[in-house]
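Copied over from TrEMBL:
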- 6-321: domain 'FAD/NAD(P)-binding' (DOMAIN)
- Cys43-Cys48: disulfide bond (DISULFID)
- Lys52, Asp306: FAD binding site (BINDING)
- Gly177, Gly178, Gly179, Tyr180, Ile181, Ala182, Val183, Glu184, Gly265: NAD(+) binding site (BINDING)
- 341-449: domain 'Pyridine nucleotide-disulphide oxidoreductase dimerisation' (DOMAIN)
- His439: active site, proton acceptor (ACT_SITE)
Amino acid sequence: MAQYDYDLFVIGGGSGGVRAARVAAALGKRVALAEEFRFGGTCVIRGCVPKKLYVYASQFPEHFEDAAGYGWTVGEAKFDWAALVANKEREISRLEAIYKRNVEGSGGETIHSRAVLVDSHTIRIEAENRTVTADQILIATGGRAAAHPALPGHEHCIYSNEVFDLAELPKAILIEGGGYIAVEFANIFHGLGVETTLVYRGKEILSRFDMDLRRTLHDTMVAKGIRILCPAVSEEVVKRADGRLDARLNTGEVLTVDQVMLAIGRTPNTENLGLEAAGVVMDRQGAIVVDRFSRTNVQNVWAVGDVTNRVQLTPVAIHEAMCFIETAFKNNPTEPDHDCVATAVFSQPEIGTVGLSEDEAAKRFKHLEIYRTSFRPMRHTLSGRQEKMLMKLVVDGDTRLVLGAHVLGPDAGEMAQLLGITLKAGLTKDDFDRTMAVHPTAAEELVTMYKPTYLVKEGVRIDG
Ligand SMILES: Cc1cc2nc3c(=O)[nH]c(=O)nc-3n(C[C@H](O)[C@H](O)[C@H](O)COP(=O)(O)OP(=O)(O)OC[C@H]3O[C@@H](n4cnc5c(N)ncnc54)[C@H](O)[C@@H]3O)c2cc1C
């Protein structure tokens, strides 16, 4: 191994790369990690973390409104976008420093530069115009918001990267897309008082989630005042003389807004990375093709996280990195487990979900029992807010195995984390029934739905 400068060279200092570099260094390996932008990657700098902070910011107006029912009189509230952006920046800078320090503290070297492959053992450090060699190479370069060059006027649009640092809060925004990033930002901007329109080409927002949740969230967002146009697409974005934007939709409608945000998917960061020179194979979307151990077709080159386009979530990138360490450095081949990944959408109300949707389960199982309840959460009784909470368990009628658990409402993401354990453990509806409720909570409904709301037999719903 000493013939190389490093035992492991990691390209990309995001969720997956930082974890792999830190743990390999702690094992005593000679490790270097190159990051071209900011350590922490998408999650810390322009993804999960700042997004969640903005979600919190956007929830205060409803909290202020709801307070009245609890006896509070709240004075005039004012929002300062610049203060939020500055405070967010302070927090992500703190995290960025921790990420970098953790790698260095474990004995790894951090390099602030773009890195590209020269061949399967050689990496060019672009900022320093030098090359280094490594025995093993891990590519963890993540992804970025997909561009939309076919849209005339796309150069006037912003993506999730820019949205966090806008010079000023727009008065009106159009968000194009129906995935979780589009939906979350529609709720954030609406909560901050921005006139918000979500335009999505599909029939219903949030494909792949349970249809009940999708429809109920859609209706709730509309009731709050968010316009959702689907199916619809923008066909042209024109900059006006006053600096605002006219977005012309395929429906003929023209929307005048201050910003158009495109959130139409993610593209793996594989361009100009030297993959061809190293002989690493990509798929048609440009994602790196890996085997079940995250190894590419080149024996000593591995890839984890969003760049492999498996499940694009931070905990998954970290898990893949940990499995890579086991396989490459601990002589313990370990496959990442992508089954039953619990996830949240930080919409308002929030979604927490794990396992199969009803539609997906109906394709795979002959007999389903669906347990479903919809109710006003206790916190809304005095506030007067009409929003409903929705909970749903999808159960295999033959084995009683809980196949899917879906929640829409306050703290749904927190519930999904715990529901994830139950589904991963392969618990049955009987286990749920045997579990004592925690009272008074919303989550107690998950263990007190004793009778199926309806059955699904051979794909056909049977009520009563
Ligand atoms: C707006 C938004 C919200 C999100 N919210 C959530 C959420 O709530 N929950 C969740 O689980 N996931 C969320 N995600 C997804 C999550 O951020 C990603 O799944 C995760 O960051 C992937 O980690 P990664 O290590 O694969 O890549 P990344 O974190 O993207 O890191 C890749 C790093 O590589 C660097 N890089 C790229 N090319 C090079 C090169 N040639 N040389 C050097 N450095 C390079 C990049 O600058 C980047 O820092 C969100 C994403 C976005 C965009």
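Count begins at 1; order follows the chain as displayed.
From the backbone N, Cα and C atoms, a Cβ is placed for every residue, glycine too.
A helical conformation is recorded for Lys52 (FAD binding site) in the three-state DSSP classification. Gly265 (NAD(+) binding site) has a Cβ environment of 16 other Cβ atoms inside 10 Å. Cα of the residue listed as 'active site, proton acceptor' to Cα of Gly177 (NAD(+) binding site): a distance of 39 Å. Apart from the site residues Gly177, Gly178, Gly179, Tyr180, Ile181, Ala182, Val183, Glu184, Gly265, the chain places the Cβ of Phe185, Ile205, Leu206, Ala263 no farther than 8 Å from the centroid of the site's Cβ atoms, the recorded NAD(+) location.
Ranking the recorded positions Cys43, Ile181 by how many other Cβ atoms lie within 10 angstroms of each Cβ puts Ile181 at the bottom. Fewest other C-beta atoms within 10 Å: among the recorded positions Lys52, His439, that description fits His439. Taking every pair among Gly177, Gly178, Gly179, Tyr180, Ile181, Ala182, Val183, Glu184, Gly265, the residues recorded as binding NAD(+), the greatest CA to CA distance is 14 Å.
There are 16 other CB atoms within 10 A of the CB of Cys48 (disulfide bond), with all protein chains counted. Each of the binding-site residues Gly177, Gly179 was scored by how many other Cβ atoms lie within 10 Å of its Cβ, and the smallest score goes to Gly179.
Under 8 Å, Cβ to Cβ, and six or more positions away along its own chain, Val183 (NAD(+) binding site) finds Leu198, Ile205, Leu206, Leu217, Met221, Val345, Ser347. Contact annotation for recorded positions (Gly177, Gly179, Val183, Gly265, His439) versus ligand 1: none, no CB falling under 6 Å from a ligand atom.
Checking each of the binding-site residues Gly177, Gly179, Ile181 against Lys52 (FAD binding site) by C-alpha distance, the shortest gap belongs to Ile181. Of all the Cβ atoms in the protein chains shown, 31 others lie within 10 Å of the Cβ of Asp306 (FAD binding site). Mapped onto three states, the DSSP output places Ile181 (NAD(+) binding site) in helix.
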